[in-house]
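Engineer: Quick one: this structure, given as structure tokens, is what I'll be asking you about.
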């Protein structure tokens, strides 16, 4: 079988907000890549076996002493190098060029003039054949003098070196960000570096990743049994489908129905995995235990801890019944791995174990199976579709680990959870009907534990308030509230109030992030 990890790119991260985006763009081209810190062990960088190295952007300044720099091994490797933003600046500074601080930062759209087309720029244009490109800039410093052996390949009205190249050594630098969509030819530039210059084959596809992981899992677990906590979320669902394909009956999924899930989610999970796919699923109806444990608790952090600890307790009880289970499968994905890494600089991204179940008892002594640990979320979704999971499940909006427990403000009660689950289902149903679901990044209902006066028939009634929240975001770090049509919101409000006894008022949350968070608790 072809090794889909053979042709790979190494990204050295200098702390840029866009570094993961570079990696995702390269993966989209069909090429495997990893993100390591700029100060990673140089011997490991040299021994990684990359076909090319990308130096990312970053917040530092090469004009200051002690600025982060690429290890000498990068230049000694003989590999193609592509410096982006700060990556180009450190390339210039380390190889005998010069950088300087600009009078003012350049942030936003810019027009680049290609003056000496190289392997990356040849034939590219956003202006009907003219050698001009529309790009996205985000920098304070810039390269003022290209290093010896480099040709200036592009300029702008504001900076003398917008791009440079040493074609003989296959070293390239650009001051702008090809990884963001605002740079219209960005993906074409990355393709030219990764595929044309570095010679990478495009083997990183959903079908190949599935085949590769099936082989790896079978080699790892042999004839042992594997246990998986199935939540109904995207990651654990894809792990369940993938492992079922790899080891069949040797997989047991434990689905803990907390009573805090989406409307009828427990039945949907059982229908999809147990009935439709034939996966062995143990369903634990634990709602009574959860509501008892949460009684009288209103602090959000305390609620999260109780919900998390109780899950671990129940999962432990169920795993003890499976005497032959030697492995625990988890839906750890690559951003989890990156975030869990640390170094002397705080910027290292070394692959190491990350427990997304959190706090599993030491005595479980199970080996870890993490078939998604190399993948970004968008890749996990593509795998899900390839594995035959319904698109509506794979592309669902995020749902918090503690479930409705953090969407009910204050104390959690069974009656609140049932009302909220139904209200949320109405909101989502109407979003789908109006073709608005995929246009929002996350949408949900929140239960407010305050009673508001309403009129039911001829009588006054004091009933609960439901808040609706919908946001649009690229990375969930910042978000705008979704400008849903008034008529649509009116339809949702009418349905919730008419169909749910106990709700007299529906409000819409128009707060951005920041200052508000996406979830209310």
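Even glycines carry a Cβ here, placed using N, Cα and C.
The feature active site, nucleophile is assigned by Swiss-Prot to 85, with sequence analysis given as support. Swiss-Prot lists 177, 179 with the feature active site. The ATP binding site annotation in Swiss-Prot covers 231, 232, 233, 234, 235, 236, 237 and rests on sequence analysis. The domain 'Glutamine amidotransferase type-1' annotation in Swiss-Prot covers 8-203 and rests on sequence analysis. Under the heading domain 'GMPS ATP-PPase', Swiss-Prot lists 204-396.
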Engineer: Here's one to test understanding: among the recorded positions 177, 233, 235, whose C-alpha is closest in space to the C-alpha of residue 85 (active site, nucleophile)?
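Structural biologist: Result: the closest of the recorded positions to residue 85 (active site, nucleophile) is 177.
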Engineer: Relative to the Cα of residue 177 (active site), which of the binding-site residues 231, 234, 236, 237 has the closest Cα?
Structural biologist: 234
Engineer: Identify all same-chain residues not among 231, 232, 233, 234, 235, 236, 237 whose C-beta atom falls within 8 angstroms of the centroid of the ATP site's C-beta atoms; report them in sequence order.
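Structural biologist: These residues sit around the ATP site: 230, 238, 239, 331.
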Engineer: Quick one: give me the count of other CB atoms within 10 A of the CB of residue 235 (ATP binding site).
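Structural biologist: Result for residue 235 (ATP binding site): 20 neighbouring Cβ atoms inside 10 Å.
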Engineer: I'd like the Cβ neighbour count for residue 237 (ATP binding site), meaning other Cβ atoms within 10 Å of its Cβ, all protein chains included.
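Structural biologist: Cβ-Cβ neighbours of residue 237 (ATP binding site) within 10 Å number 25.
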Engineer: Where's the emptiest Cβ shell within 10 Å among the binding-site residues 232, 233?
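Structural biologist: Per-residue Cβ counts within 10 Å for the binding-site residues 232, 233 bottom out at 233.
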